[in-house]
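Just below is one structure, and these are the notes that go with it.
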Amino acid sequence: MEALGWQQHSCGLLSRHAGVVRPQSRPVCRRQTANSSRGCSSPSFSAQRAVRLTRPQQPCLLQSSSSSSKRDALRPKRCIKLGSSKQPIEEVADSTDSTNQKWGLLQWKEYNRPWQVPWSGSTVTIGMIAWVLSFLGVALILLPALGSLVGIKDFTAMSGTDKALYALVNQVLETLAGLGIVYLATRKFMPLSPDLLRYDFREPFAKPRGWLAWGLLGVLLSPLVVGAAAFAFSLFGFDEVNGKGTVDGVAQILSLDFPSFASLFGVTAVLAPILEETVFRGFLLTSLTKFMPTWAAVIASSVAFGLAHLSTRDLPQLVVLGTLLGFIYVRSRNLLSPMLIHGVWNGTVLTILFLLVQSGVDLKELFSGIHINDMKQILGQSVVNSFRGSSGEMRFQAGCGTSTRSAADLFPVVTPTDRLCNMRSRRPKPISDRQSGQAKRRRSDDAEARPTKRQKKPRPALRGVKGKPLWACSSVVDRQAAFALEKILEAHRTKRRGVSLKSLTLGSNIEAKKATFAVTTESIKYLQIIDAILDRSQILKECSQLARPSAVILVYELLFGEGVRAQGPAERHVLSCKDSLEAALSKELEAHGAEDVSELLPATEESRPRSVRVNTIKVTKEAAISRLQADFGSLEPDGLLDDVLILPSSCALHDHPWVKNGSLILQSKASCMPAQALSPEPGWTVLDCCAAPGNKTTHLAARLGNIGKVIAVDRDPVRFKRLKDNAKLAGATCIQCIQDDFLKLPLDTAQFSSVDAVLLDPSCSGSGTAHNQVDRLLSPTDEVDCGRLESLAAFQEKALRHAFKLPKLKRLVYSTCSSHSIEGEEVIEKVMPLANQLGFHLEGPFPSWHRRGHKQFPDGKLMVRADAKLDRTDGFFLALFSKTDLENGIG
């Protein structure tokens, strides 16, 4: 009954008689029983004899002359309805005497006191669902509709100030909608208990529930608690979780002008705390105490609070901060306390960001780089210079693992603004291939490089010669380029195949793909020169913590690229050695008798045009032409392949929205030839024998019109995962993926009895795509590993013979991306007797294509080749087998 406001005065004790609640007229205490009532004229009447429905005794108003008692006497009366009558009751303090109360900071029972909530669980459920719908409705429907009325069509095209004002209007509408929903949910239960949904500015420091005292305590504890939680979670690898952080949305729209700051301050430090504390603490937390212990309700509401921010990266910090806010609210019973903590937290973070922007710091770089080993150096500088000299990343080391967290990750902005920004669709601008280095990184360093999906645990920290951790490049692009270079050099040294420059720099796990590709490619082009410079300058011997791949990337940037900024220890060391590096370059030029460094670069081929395949499952060729012409201007349909478009080499397509959604497939012209040569008819069953990564597989599905079946087989688990992902992205629902060794499949069984056509593109030397694997840059001389070629040719022949076991096979395409005849014409020549015996013959596809098989082979004119240099595409070989129609005598 305390939750309904029943309170006791020794001079105005509430009693119950005949269903009516009324105050007593005498300053005495009474206790009601079922049959009679008995009073006590003494104001100090024992609390054990007081009415059970009342709180402990309070000083009598008539007998006390204290100022607090006078204020109590002047408070307005509140009415509560029981039965059919209303009577005024008085609000009195929780305790007998505030001067005798203690804060009880360590008393657990005080943190576990529930609320007496009059509404049911259905009210809570409906209220929270309504709040979620109101949030979505305002952000995605109402506000865009209002914006379109005033001419706002593209949120991303607005200025920073306009975005901030837009966010303020959005937050005002969301706050009004959220508070309105809470009011409607609780209206029929009003008047509420004094400690439900309470906003009371009185007695800020009164024991034991002074709202300001508890709020200030929470303000002091919040950075310590959240920082400790972030560190603790980093030990378990949770900091490897990727995605948008809560502060990212604010950083996108924060600018130097004061109106922008004022608008965002109103959103983050005023409106967001009012709305979120009312919903999550005032409504959800108190309601949950009806169904679970208070501590569990605090945690549950905090988890909901964290999830509502749509940020997996900051979820642990948000939950911990919500837990602190919840327990502070439990003690103060006043929503002003968590609102104060929430507002001070958001306001402080926003103010720091604003001051950093005014000091010239790029916020996008701020979220990616202070190393914990540099803290001693940074502490000797001013706050602004420390952030300007590094870029905010902290690296916590646990055991042999290293994990990274940015300063923004440790201290998130707790506001829906980031959710609004992340919901807006963003159309990326084309990036020229000629752009590289620093200019690209300024747009791309706002996010850390994500680990690959197969990477379930953080990699061990690399160690130098003396056991110290190796320095990594602070820039995301340089760090990714150094990693790609390390893998390429290792594969080249061990002659391990399957390492692709494109997969290392343009994969789905790479941030800033074009910039990373450009920096890696250019660094490899200058690799021989940079190696000589490093050996002459001996900067690696002076510092064992700088790895050679990182040094190569940074030296390229310093001497031949866009320059290096002093972000981290690796960059600062290279900058400190600038004079010796330039001197080493001069000596290298002098030793070769060259006047310019371009004379020392290996010869490279002319840039090839870009080819892109239209995924006709999702979009028509005409629509693709219209879109690409609008984006890039010039393009032309390929004259040989009916679903391939040719664009200039300067066009950047990797970040194009239609490439990301699978409407366009980045695929070389030669790679698109096998599926069109096979030309399966809709309804056929096609077997793709070595399918990963799936470009030819999805092309087959498109040629079928997604009608029929494509059985895609690959045994490598990583490549098989890419195959499934690419099939899903392309919308090819007719593809059935099988992870198995093709040579072990029982092709002569009923499982494969319905296969009509086969595409066999087995593993090969990849000599036709050497320009993509940068083998020619790493080793300009054409070296041929004869033993490896013979082993590959034996596997290719075996796979081709195995494919002919299919009982109802009609057509078969064999293709390789190799320029060697041992992997092409010689394999066909060895299998031709078996093919003829089974009723197959060679059919010459693409009659208009000028380049055919090598002339020394009798059937060479029926085979197709593409030359990497002359045809400006990948080097390729293709042969088509077709079943002879014995009845009609034709093929």
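From the backbone N, Cα and C atoms, a Cβ is placed for every residue, glycine too.
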Transmembrane segment according to TrEMBL, located in which of 315-332, 639-656: 315-332
Residues from the same chain, set at least six apart from the ends of the transmembrane segment (315-332), whose C-beta lies under 8 A from its own: 110-113, 208-211, 214-215, 217-218, 221-222, 225-226, 229-230, 233, 238, 241, 246, 277, 280-282, 285, 294, 297-299, 301-303, 305-307, 309, 338, 341-342, 345, 409-412, 414
Chain-internal residues, separated by at least six, CB under 8 A from Lys696 (S-adenosyl-L-methionine binding site): Ser671, Pro674, Ala675, Asp688, Leu759, Asp761
Sequence-distant neighbours of Ala692 (S-adenosyl-L-methionine binding site) in its chain (C-beta under 8 A, six or more apart): Ala712, Asp714, Asp716, Arg719, Phe720, Arg722, Leu723
Spatial neighbours, same chain, of Gly694 (S-adenosyl-L-methionine binding site) - Cβ under 8 Å, 6+ residues apart: Ala712, Arg722, Leu723, Lys724, Asn726, Ala727, Ala730
CB contacts for Cys817 (active site, nucleophile) [other CB atoms within 10 A, all chains]: 23
Maximum Cα-Cα separation in Å among residues Cys690, Ala691, Ala692, Pro693, Gly694, Asn695, Lys696, Asp714, Asp741, Asp761, which the record lists as binding S-adenosyl-L-methionine: 19
Alpha-carbon spacing, Asp741 (S-adenosyl-L-methionine binding site) to Cys817 (active site, nucleophile), which is rounded to whole Å: 21
